[in-house]
């Protein structure tokens, strides 16, 4: 909003002039934007569409918990090790994929009986080596479930103590499993609107899927959090200074998963470097030994440069909310594709000044991340819009047209 300040003649001077003088200049003063707190950097082509429904939450700043949020590493590590893990009973379903692989889907126990079949369905994609056991995943699961949504956690191959049945895990650019999971849950609950939330590497996979399958994606909306976006930049930053802590921790988790299933790679031959992967000290070493070979890349650099979701966000055709922390040590701010997000009429980007990686430790020291309420408000807004669009249709052709607009 802007206000124009125009000069005009005083009535006391009317005897000195008979005509209004021509306007020779225009001074425009920008009015403050009260739709969000000034500490939040909010942009995107869908800003005008999606910011108003979030204004109640975003008019307040993100205030990290005292002593915890003063340092990005402290906030990241605290959230990883000391955040409360909600107790929830899950029912596991192992989905066999077309290439004889397997992914693990964790549903809330009893939801198949208690939640109506047309309730909105939320798919959760954890970060690298993460799964349904992680605190940030369970907090989001509990919030969505408390709002009457059906929730399923998509554990990638080998994650969440899931099985590995072929000599292939998963990668930042492999969306085959995501396609099959979406098709599977969609066929099981055909009356439900589908949504997805991804964190870190899971967010990168999600945005890759949304962009590459933009014309066929059946999701009604999605949220990306702590997305590394540009994996070349993220790889460089991960090996800098104290970030080495996370590099080694992630490598340790990758080694642990690999060693559980090492027999599948015995005598595999080819370009695989099994000793390098089995003893990796960095994520890059693991990707060089296993990941890039499994998915046909020439090198780790080739894998990173061709797996970045920053290259595909411009093609996203459904509502997408991206939330990042300016001080994220693993998903660096300089990797965010800001210009493409600004030009995409379906995207909204929120950047908080602090938060770390998967942190956002705010009012409750061990409670849910600050982002959970923002995410849920966004998804509920989309679901209300989807429900209204369908409710206003009486003719079957109108219903079909409304569904096509939603997805």
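Keep in mind that glycine also has a Cβ here, set from the backbone N, Cα and C atoms.
TrEMBL entries are annotated by machine, without manual review.
As annotated by TrEMBL, active site, charge relay system applies to 200, 328, 357. Per TrEMBL, the feature domain 'AB hydrolase-1' maps to 120-358.
The two recorded residues, residue 328 (active site, charge relay system) and residue 357 (active site, charge relay system), show a Cα separation of 5 Å. Within 10 Å of the C-beta of residue 328 (active site, charge relay system) we count 28 further C-beta atoms, all protein chains included. Non-local neighbourhood of residue 357 (active site, charge relay system): 72, 76, 200, 226, 246, 325, 328, 329, 330, 331, each in the same chain, at least six residues away, with C-beta under 8 Å from its C-beta. Within 10 Å of the Cβ of residue 200 (active site, charge relay system) there are 26 other Cβ atoms, across all protein chains. Note on the domain 'AB hydrolase-1' (120-358): its mean pLDDT in the predicted model is 97.
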